[in-house]
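Database features (Swiss-Prot):
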{"type": "BINDING", "residues": "ASN115, THR165, LYS169, ARG287, HIS319, SER371", "note": "substrate binding site"}
{"type": "ACT_SITE", "residues": "LYS167", "note": "active site, proton acceptor"}
{"type": "BINDING", "residues": "LYS193, ASP195, GLU196", "note": "Mg(2+) binding site"}
{"type": "MOD_RES", "residues": "LYS193", "note": "N6-carboxylysine"}
{"type": "ACT_SITE", "residues": "HIS286", "note": "active site, proton acceptor"}
{"type": "SITE", "residues": "LYS326", "note": "site 'Transition state stabilizer'"}
Amino acid sequence: MSKKYDAGVKEYRDTYWTPEYVPLDTDLLACFKCTGQEGVPREEVAAAVAAESSTGTWSTVWSELLTDLEFYKGRCYRIEDVPGDPEAFYAFIAYPLDLFEEGSITNVLTSLVGNVFGFKALRHLRLEDIRFPIAFIKTCGGPPNGIVVERDRLNKYGRPLLGCTIKPKLGLSGKNYGRVVYECLRGGLDLTKDDENINSQPFQRWRERFEFVAEAVKLAQQETGEVKGHYLNCTANTPEELYERAEFAKELDMPIIMHDYITGGFTANTGLANWCRKNGMLLHIHRAMHAVIDRHPKHGIHFRVLAKCLRLSGGDQLHTGTVVGKLEGDRQTTLGYIDNLRESFVPEDRSRGNFFDQDWGSMPGVFAVASGGIHVWHMPALLAIFGDDSCLQFGGGTHGHPWGSAAGAAANRVALEACVKARNAGREIEKESRDILMEAAKHSPELAIALETWKEIKFEFDTVDKLDVQG
């Protein structure tokens with residue numbers, strides 16, 4: 001062994017920088033944005049990322065002789081400049097598929113981002129995109145139902161779904177919470193929702209909330225003749241409690257439940273998605289905590305990666321921001337990861353932040369959910385941006401109506417149907433937005449009041465996390 005094994009430390013780039021390598025269709029590809037410490041060559045930084053996220057360690061080890069390192073190692077095969085940032089660069093790394101457990105997003109993320117982000121040789125590191133090979137996608141369960149099945153279950157076609165988050169998000173008793181749900185649904189909404197942090201607090205235990213909400217949903221259905229639903233948040237402190245809540249929602253004949261997939265974790269989310277698939281339940285996904293991970297433009301994980309991972313882990317709806325509301329997100333970036341939620345094939349398109357072609361095969365799509373600081377004036381833009389396969393959720397834009405939640409719901413329903421009708425007639429709904437809404441308001445006093453109430457409410461802040469494109 002001593003004749004074959006050279007102990008010591010060698011540069012990462014000697015093994016993991018392979019510019020001649022041509023990625024295989026079965027490779028998992030990742031794009032990292034890297035900013036190294038001063039004086040460290042780019043190739044060494046990129047190779048260090050490839051090594052630490054695959055087979056490498058800081059020292060040469062004798063046990064490498066017991067396996068085929070050339071087969072299993074990650075390979076940095078390309079480096080690119082980042083437009084507008086002379087310190088940063090993109091490192092493209094190919095990983096052989098055998099490095100990952102089949103169907104395990106938890107394992108993929110543990111490998112790619114689990115340890116390497118703490119490297120001293122790096123000042124910043126960000127995972128910008130992943131190309132999942134179709135061979136891996138076929139091992140994932142994906143959405144429990146998908147867009148087509150969800151529309152059939154809810155009997156909603158030809159327009160976005162319309163919903164709202166119950167406000168105030170915390171502090172209501174179960175009975176009063178149910179009353180607010182009823183007011184929204186009878187006013188014209190399709191769905192209402194628990195907020196991300198309503199679980200089972202002293203002021204409102206989860207079982208109490210579920211029972212009053214179920215009563216409200218069924219009463220609204222009887223009055224309106226429409227299928228209604230409420231996203232019952234089953235997120236809990238243990239997996240056992242998570243499933244107990246899901247089972248009770250099923251007993252109440254509720255069509256949809258909810259999970260906070262980042263705080264709850266991918267293992268819990270995949271398990272819940274599998275349960276929903278077996279039990280005929282729709283699954284709404286909230287992205288609480290995402291901005292801690294994805295908002296810094298140089299460090300963390302881009303939301304397009306988190307969105308792709310969610311589609312593989314499982315969910316029928318996912319919050320994506322609004323572009324026009326109170327939350328971070330520019331239009332092109334948002335369209336990029338909406339494509340990856342809904343389409344069967346998404347081509348590389350740097351103008352939308354997509355670094356790779358992504359083939360989703362036959363995996364069902366996910367509804368994009370627009371929620372956060374939106375109101376009736378935003379309706380034309382939301383329809384233009386998100387299209388029909390989306391869910392538009394107006395929380396304050398429903399409950400803040402001067403006449404109450406039912407009137408706010410009615411205003412949103414009239415605005416949505418007016419915009420859909422105008423779009424279907426060939427009108428340019430964003431350019432003609434004011435005319436379309438004002439025409440509809442002539443026949444809806446609820447909409448007229450809503451337009452007056454929110455006519456000056458805008459969220460015009462510069463985007464922190466911008467696309468890296470040549471200007």
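Just so you know, glycine gets a Cβ as well, placed from its N, Cα and C.
Recorded features from Swiss-Prot, shown on the structure.
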{"residue": "ASN115", "record": "substrate binding site", "Cβ within 10 Å": "11"}
{"residue": "THR165", "record": "substrate binding site", "Cβ within 10 Å": "22"}
{"residue": "LYS167", "record": "active site, proton acceptor", "Cβ within 10 Å": "16"}
{"residue": "LYS169", "record": "substrate binding site", "Cβ within 10 Å": "14"}
{"residue": "LYS193", "record": "Mg(2+) binding site", "Cβ within 10 Å": "29"}
{"residue": "ASP195", "record": "Mg(2+) binding site", "Cβ within 10 Å": "19"}
{"residue": "GLU196", "record": "Mg(2+) binding site", "Cβ within 10 Å": "20"}
{"residue": "ARG287", "record": "substrate binding site", "Cβ within 10 Å": "23"}
{"residue": "HIS319", "record": "substrate binding site", "Cβ within 10 Å": "24"}
{"residue": "SER371", "record": "substrate binding site", "Cβ within 10 Å": "24"}
Euclidean distance between Cα atoms of ASP195 (Mg(2+) binding site) and ASN115 (substrate binding site), Å: 32
Distance, ARG287 (substrate binding site) to LYS193 (Mg(2+) binding site) (CA atoms, angstrom): 14
HIS319 (substrate binding site) versus recorded positions LYS167, ASP195, HIS286 - nearest by Cα: HIS286
Env. residues of Mg(2+) site, Cβ within 8 Å of mean position of LYS193, ASP195, GLU196 Cβ: THR165, ILE166, LYS169, ASP194, ASN197, ILE198, TYR231, ASN233, MET258, HIS286
Neighbouring C-beta atoms (10 Å sphere around the C-beta of HIS286 (active site, proton acceptor)): 28
Where LYS167 (active site, proton acceptor) sits in the secondary structure, as DSSP reduces it to three classes: coil
Those recorded positions, out of LYS167, HIS286, SER371, that come within 10 angstroms of GLU196 (Mg(2+) binding site) at the Cα: HIS286
Distance, LYS167 (active site, proton acceptor) to HIS286 (active site, proton acceptor) (CA atoms, angstrom): 16
For ASP195 (Mg(2+) binding site), the one of LYS167, LYS169, ARG287 that lies nearest, given that the recorded positions are compared by Cα: LYS169
Assigned element (helix, strand, coil) containing SER371 (substrate binding site), judged by DSSP: strand
Cα-Cα distance, maximum over ASN115, THR165, LYS169, ARG287, HIS319, SER371, record's substrate binders, Å: 37
HIS286 (active site, proton acceptor) - helix vs strand vs coil (DSSP): strand
